[in-house]
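Asks: One structure, as structure tokens, below. Some questions next.
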Amino acid sequence: MLVGHGTENDFVVLPDPDGTRWPEDRLDAAMVRRLCERRSGLGGDGVLRVVRSVHVPDAADALGADLDRCEWFMDHRNADGSLAEMCGNGIRLFLHVLVTEGLLDRSACADGVLVGTRGGPRRVGAAADGYWVDMGPARPFGRGQAELPGTALPGRAVSMGNPHLVCLTDTDVATLDLTTPPVVDPGLFPDGVNVEVVNVLAAGAHIRLRVSERGVGETRSCGTGACAAAWAALEDAGTPTGTVAVDVPGGRLTVQVDERTTVLTGPAVVVAAGELTAEWLAG
Ligand SMILES: N[C@@H](CCC[C@H](N)C(=O)O)C(=O)O
């Protein structure tokens, strides 16, 4: 068991290469909630199980013909125990753990490794200052509104595999209240949504965001959210391609958007490694 983070979006990481240590009935929603609890558990925004795709029952549905090309599967759970399609910070940490745990040779990362996720395959590789992920294209799917205490913000609905509502605003995001999940239109987001509130610091080049994540609450960073927000900021600037620096409470991410795809770059850090005690497991 390890704990780690990407720009302070933190995870409990469970290496389980052969699917024997954390099978589905052991890693149920209640166990995920216990692990992620910050006082009585390890604490985290979610859990990443590091497992070979062949041992994940729903991997074939998610990956289709690409199943054979993805040896590894990022089995991601939100802190409330729900499943998410994709996690941009988590997948960088996932590759870092594969390398540091000796499950993958660092040389294999040079051109990137295809990793399975519930949102489909994603290529991840080592960068000079962290890891890059080919996240695929942002897919806008409408316009909506986020109701926060005292204000309502219009936004763009964007899928990065998982759903986002990106609200560009002139109100300083530091002053907005994200202590409760923003209220959104359930018709537009039947499976829930991650909400980003975003200030543009330099048009088409530099943004600052805070995020309220589906299944978690406010977090210090969201990789998929950074990509959705960068796409929306570029659209807003009238320059649909470019590179955007994304400041999040937990650090900085970089997002490159071109005609074909979106590439996210940022750090990944393993903080600690150890064992869960028999006492805690029995509790
Ligand atoms: N923090 C992640 C996203 C995790 C999943 C999200 N909460 C959801 O339910 O879609 C990221 O870095 O992308």
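Keep in mind that glycine also has a Cβ here, set from the backbone N, Cα and C atoms.
No curator has checked TrEMBL annotations; they are predicted automatically.
Positions annotated as substrate binding site by TrEMBL: ASN9, ASN78, GLY88, ASN89, ASN162, ASN194, GLU213, ARG214, GLY223, THR224. What TrEMBL lists as active site, proton donor is CYS87. What TrEMBL records for CYS87 is active site. Marked as active site, proton acceptor by TrEMBL: CYS222.
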Asks: So the record assigns ASN9, ASN78, GLY88, ASN89, ASN162, ASN194, GLU213, ARG214, GLY223, THR224 to substrate. If I measure every Cα pair among those residues, what is the longest distance in angstrom, as a whole number?
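Replies: Across ASN9, ASN78, GLY88, ASN89, ASN162, ASN194, GLU213, ARG214, GLY223, THR224, the two farthest Cα atoms sit 16 Å apart.
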Asks: Which one of these binding-site residues has the most other Cβ atoms within 10 Å of its own Cβ: ASN9, ASN162?
Replies: ASN9
Asks: Can you check which residues sit near GLU213 (substrate binding site), meaning Cβ under 8 Å from its Cβ, same chain, 6 or more apart in sequence, and list them in order?
Replies: ASP45, ASN78, ASN194, THR219, CYS222, GLY225
Asks: Excluding ASN9, ASN78, GLY88, ASN89, ASN162, ASN194, GLU213, ARG214, GLY223, THR224, which residues of the same chain place their Cβ within 8 Å of the centroid of the Cβ atoms of the recorded substrate site?
Replies: ALA84, MET86, CYS87, GLY90, VAL211, VAL216, THR219, CYS222, GLY225
Asks: Other than its own, how many Cβ atoms are within 10 Å of the Cβ belonging to GLY223 (substrate binding site)?
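Replies: Summing over all protein chains shown, GLY223 (substrate binding site) has 28 other Cβ atoms within 10 Å.
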Asks: For CYS87 (active site, proton donor), write down the residues of its own chain that are at least 6 apart in sequence and whose Cβ falls under 8 Å from its Cβ; none is a fine answer.
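Replies: In sequence order, the residues whose Cβ lies under 8 Å from that of CYS87 (active site, proton donor) (at least 6 apart) are GLY46, LEU48, MET74, HIS76, THR117, ASN162, GLY223, THR224.
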Asks: If you count Cβ atoms within 10 Å of each one, which of the recorded positions GLY88, CYS222 comes out on top?
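Replies: For the recorded positions GLY88, CYS222, the Cβ with the most other Cβ atoms within 10 Å is CYS222.
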Asks: Helix, strand or coil: which one is GLU213 (substrate binding site) in, per DSSP?
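Replies: Once the DSSP labels are grouped into three classes, GLU213 (substrate binding site) ends up as strand.
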